[in-house]
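> One structure, as structure tokens, below. Some questions next.
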């Protein structure tokens with residue numbers, strides 16, 4: 001297994017498929033590297049594999065510290081020994097998405113047509129389906145014919161849906177969490193704010209900042225701040241900050257005043273240390289482009305014809321980015337094609353981010369569903 | 001009456017109070033100019049005056065074309081001959097707020113302590129109460145002892161509340177529309193995104209862009225785009241744009257793709273032609289600082305003790321910036337002090353912006369309330 005280099009040239013565990021991949025945009029990526037991590041042991045029948053799909057700014061280090069950033073695994077509450085996705089029972093795989101910046105092929109990878117250069121904004125437009133096609137290569141490479149489950153939150157949930165639709169024979173169960181079957185106009189608009197902030201940063205240099213030095217740090221920070229507001233609920237912001245003052249010295253028109261401002265600024269500035277602006281542009285666009293219903297003339301149920309997976313859909317009551325109505329629409333369409341589907345709305349005031357946080361009801365639901373499926377699949 | 005100059009040195013009708021005004025922040029503004037417009041005729045008893053308070057980016061040209069920007073009056077649907085605020089019956093006054101950029105004293109005004117310089121970010125922090133104190137000077141200057149009504153939407157509604165609390169004897173009726181008694185953590189967060197985008201623009205130059213040339217146009221555009229999302233409902237965005245493509249040629253990672261993106265970009269770029277970044281910073285901060293309950297140890301009802309005005313509170317069902325719950329909380333607190341209050345939630349899918357748009361139910365409600373008040377006040 002070769003090793004590849006991430007955003008900061010850190011060597012990540014990976015595999016390269018030199019035959020490349022045909023993309024939805026019509027272009028061909030001539031060589032594709034997938035950085036990934038596995039946890040637990042693949043059983044002899046190779047029937048206990050769970051693929052975890054990460055969200056917009058996640059990575060493959062789902063259950064362990066990311067050695068490049070030093071951050072703890074982003075879903076250690078959910079994946080690990082004894083956790084709902086129990087690594088003592090399941091073989092867990094998590095890969096950095098196509099377009100990402102943690103070792104998988106993305107805008108930071110060598111340009112296929114310009115020797116010595118990086119892709120930058122020449123990187124082809126990618127889709128959620130493209131990401132999943134690349135994951136399929138990895139699964140086959142690992143010798144697995146059928147996944148026990150594909151589990152993911154937010155953009156990871158879009159990938160779980162894409163798996164169920166594109167490769168119905170390759171998964172037993174699908175768990176899209178806090179997800180949607182299309183990106184709404186409002187959500188596209190929020191992404192666009194972030195993109196415009198990045199473009200507006202003179203450090204962006206038309207996407208060629210690696211070659212020219214510097215990074216669009218302030219623009220990317222504003223993008224992250226904007227996204228962050230959509231990840232948390234108004235209740236959570238009120239509970240955590242309300243109108244608490246940061247600057248208690250007096251009132252100030254042009255400086256920091258409220259605690260919620262410092263918090264957002266921290267979210268923005270810490271993000272730029274670990275994420276690449278071109279990847280942010282490419283991946284937000286992939287989310288914008290996701291619309292399962294469009295493939296069947298607006299008929300979501302049509303897209304689900306032929307799915308075979310058992311579904312668990314989870315939404316969170318205070319999530320306003322991917323509200324419960326979205327998951328409900330998916331459940332209805334799945335019912336329409338007589339798919340096997342459970343749908344749970346978890347009561348939480350933590351907003352979209354709830355899927356990453358301590359939500360015992362969600363964790364119990366996920367554990368129960370996987371246990372039930374394991375029984376049906378003859379895994380227990 | 002002297003004339004003053006706005007953001008682009010256009011001469012606006014105004015009055016200057018050389019004695020200045022003491023601000024909530026503890027500083028003194030040594031001279032204050034108020035740019036304003038009036039419509040209709042003040043009756044002999046001077047009892048038919050209605051003050052209209054504008055929102056964050058509004059101006060004094062409520063019922064006529066703004067001669068500087070060429071834009072039509074921002075509330076011509078509501079104010080004019082035969083309109084709900086009928087200029088054949090009422091004498092209507094509208095002033096550019098303190099901190100604004102359409103002729104009233106603001107960051108673009110001459111610096112009081114540095115001859116030849118403009119205030120820029122040295123401009124003192126201002127509050128909604130400060131804006132209202134300056135409006136009171138104008139009202140007295142016009143020879144009016146008691147306004148028949150103070151009417152405003154959004155930040156204009158905050159001013160109407162401030163009038164009722166600060167000068168209870170100076171108004172017969174108050175109409176806060178799509179307003180709130182405090183700015184929430186989420187709303188402060190959205191403002192902060194805009195401010196950070198402005199600060200991040202190298203054209204901002206620490207707020208000294210007038211002297212050094214150029215303007216933080218891209219940052220201000222991102223600020224406006226962010227704010228604009230909060231002004232419209234998800235339903236309205238879906239209805240207007242949904243996932244309509246702007247670029248139908250194919251999919252693109254780094255260019256324009258969806259119609260909603262072009263729309264937002266247009267909102268941003270047209271805004272920078274008519275608004276000043278330092279004013280945007282000063283006025284958003286004034287909104288953030290607004291919290292009527294804080295003045296009475298968290299007791300909103302306490303703040304309303306002593307109010308005498310009759311109130312009409314209007315909210316719009318799809319407004320998520322100042323949701324109905326906010327107006328309801330105001331109504332409850334007013335009831336608590338036995339104030340005379342009507343509260344109407346208008347069903348609309350147009351979001352916060354509904355107060356500016358064609359909403360016949362809202363217009364009929366406002367007309368009816370003013371007519372009833374006119375009868376009580378012996379105006380009819």
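Cβ coordinates are placed from backbone N, Cα and C, and glycine is handled just like the others.
Feature list, courtesy of TrEMBL:
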{"type": "DOMAIN", "residues": "A:48-357", "note": "domain 'AB hydrolase-1'"}
{"type": "ACT_SITE", "residues": "A:154", "note": "active site, nucleophile"}
{"type": "BINDING", "residues": "A:224, A:353", "note": "substrate binding site"}
{"type": "ACT_SITE", "residues": "A:319", "note": "active site"}
{"type": "ACT_SITE", "residues": "A:352", "note": "active site"}
> Round to the nearest Å and give the CA-to-CA distance linking residue A:319 (active site) with residue A:352 (active site).
4
> How many Å lie between the Cα of residue A:353 (substrate binding site) and the Cα of residue A:154 (active site, nucleophile)?
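With the alpha carbons as reference points, the distance is 9 Å.
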> What mean pLDDT does the predicted model reach across the domain 'AB hydrolase-1' (A:48-357)?
95
> Between the recorded positions A:319, A:353, whose Cβ has more other Cβ atoms within 10 Å than any of the rest?
A:319
> Relative to the Cβ position of residue A:224 (substrate binding site), how many further Cβ atoms are located within 10 Å?
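Around the Cβ of residue A:224 (substrate binding site), 22 other Cβ atoms lie within 10 Å.
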> Among the active-site residues listed here, A:154, A:352, which has the most company in the form of other Cβ atoms within 10 Å of its Cβ?
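Comparing the active-site residues A:154, A:352, the most crowded Cβ belongs to A:154.
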> Look up residue A:224 (substrate binding site) in the DSSP assignment and report helix, strand or coil.
helix
> According to DSSP, which kind of secondary structure is residue A:353 (substrate binding site) found in, if we only use helix, strand and coil?
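In the DSSP reduction, residue A:353 (substrate binding site) maps to helix.
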> How many whole Å apart are the CA atoms of residue A:224 (substrate binding site) and residue A:352 (active site)?
15
